[in-house]
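Enquirer: If you scroll down you'll find the structure; I have some questions about it.
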Amino acid sequence: MTSDFKVIIVGGSVAGLSLAHCLEKIGVSFMVLEKGNQIAPQLGASIGILPNGGRILDQLGIFHSIEDEIEPLESAMMRYPDGFSFKSQYPQALHTSFGYPVAFLERQRFLQILYDKLKSKDCVFTNKRVVSIASGQDKVTAKTSDGAKYLADIVIGADGVHSIVRSEIWRHLKENSQISVLEAPNASIKHDYSCIYGISLNVPQIILGIQLNCLDDGVSIHLFTGKQSKLFWFVIIKTPQASFAKVEIDNTHTARCICEGLRTKKVSDTLCFEDVWSRCTIFKMTPLEEGVFKHWNYGRLACIGDAIRKMAPNNGQGANMAIEDACSLANILQKKISHGSIRDQDINSMFQEFSMAQRARTESVCAQSEFLVRMHANQGIGRRLLGRYLIPFLYDAPAGLSGFSISGATRIEFIDLPTRSLRGAWGKSWRGSWEFILQSLVYLRPKFRIVYALYLVAAAAFILYCLSSLFP
């Protein structure tokens, strides 16, 4: 390590290990404090790597190891309650446009690769649950449950949606009267859905490279093929507010009852969910939080990843945005260090710059996720009509929606871009709102653009005119 500046990273998962890799590249000293007893536990979860995450991992020299573990997706099949289905080539379109495949692998294996590729493994500590953080004039101290204390210049919370670092930021803001004592820390977070995720083996009638989606009323089922006959899946189900406590307390029993009730759901013409559920090797249920937290930093403390935002897995951007956060923060830190030592006032400006760089994109990607999870569950007449009667006939529209959010992604600015990423689709602006509908036309095949544009404008105008009052 070449810099005297030191960073404590709380949390050794996707965001934390990605930041560790970035800091290692710029020679900044760090330590990762992970509360669990393993860096890569088997929890039954999968992880989706999209081109925006893949490009950064490629810059870090990691993506080739991940590519060895994946079965790239080529197409996706969407099935509706009335039996209608349509096929989208969006995974292949994204691969062609951005140079990286859409792929899924076990989260455990992904974390193990991130750890194995880290040179400074001696800077990663497990069984280190941070319980408090105290800020001094020129340093910050993190105390762990075993009584140990760790000193650094800044602390970065990569510790998930229930972040202790974010809680400490909130505490400091209140103590210094910078927010109202009545302001709730989770006021911007929604709790409308729960997710059951799992892994099944040797499921019949599965074709490699295809994603299967069953979009039903109040529930959606999503299947992704992986290597070694593995099938990664998750079920998103609308959950009454009164049921969330039950999900958290007894999620195994609740998940089992829900999955048993979905046995007869057809996810394709030849496959029922029973075929998947009966071959399940591991599963877990968790409430889904959605939204962007208001406060990301205070003093020498800042958060990244799920500690600043949480979204449903429908758009596959959760882990990829966490990787982007690590990259963005490292870009800013590298610029500061290149101009000499970092002063106290530089730290606050650095975190403010990070917030400005990531917040607009974060809010847009989260808005897309919120829209997709509700459209997939047929929530609201407007979304139901859009999903069933408009999108299936727009050919590459799913590629347009995904490509729009990927195109404006962050990259590591102090490492050259890999050759495979030098494609024309990168760099288009991400403005959010309803502009994604028009922006999606960029990714359609040229000969279809005019026809689809006219059809889209006419159909959208009709739907908005007749049904705008029906949107929640």
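Just so it is clear, glycine is given a Cβ too, placed from its N, Cα and C backbone atoms.
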Enquirer: Which residue of G27, G48, G99, G299 does Swiss-Prot report at the same FAD site as E34, R107, D306, A319?
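Expert: As annotated by Swiss-Prot, E34, R107, D306, A319 share the FAD site with G48, chosen from G27, G48, G99, G299.
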Enquirer: Which stretch, out of 7-27, 196-216, 385-405, is listed as transmembrane segment by Swiss-Prot?
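Expert: From Swiss-Prot, the annotated transmembrane segment range turns out to be 7-27.
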Enquirer: What whole-number value in Å do you get for the largest C-alpha pair distance within E34, G48, R107, D306, A319, the residues recorded as binding FAD?
Expert: 22
Enquirer: Using a 10 angstroms cut-off on Cβ to Cβ distances, just flag whichever of E34, D306 is the loneliest among these binding-site residues.
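Expert: Comparing Cβ neighbours within 10 Å for the binding-site residues E34, D306, E34 has the fewest.
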Enquirer: Tell me, by DSSP, whether E34 (FAD binding site) is helix, strand or coil?
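Expert: Reduced to three states, the DSSP call for E34 (FAD binding site) is coil.
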Enquirer: Kindly assign D306 (FAD binding site) to one of the three DSSP-derived states: helix, strand or coil.
Expert: helix
Enquirer: Specify the secondary structure state of N186 (N-linked glycosylation site) as given by DSSP, simplified to three classes.
Expert: coil
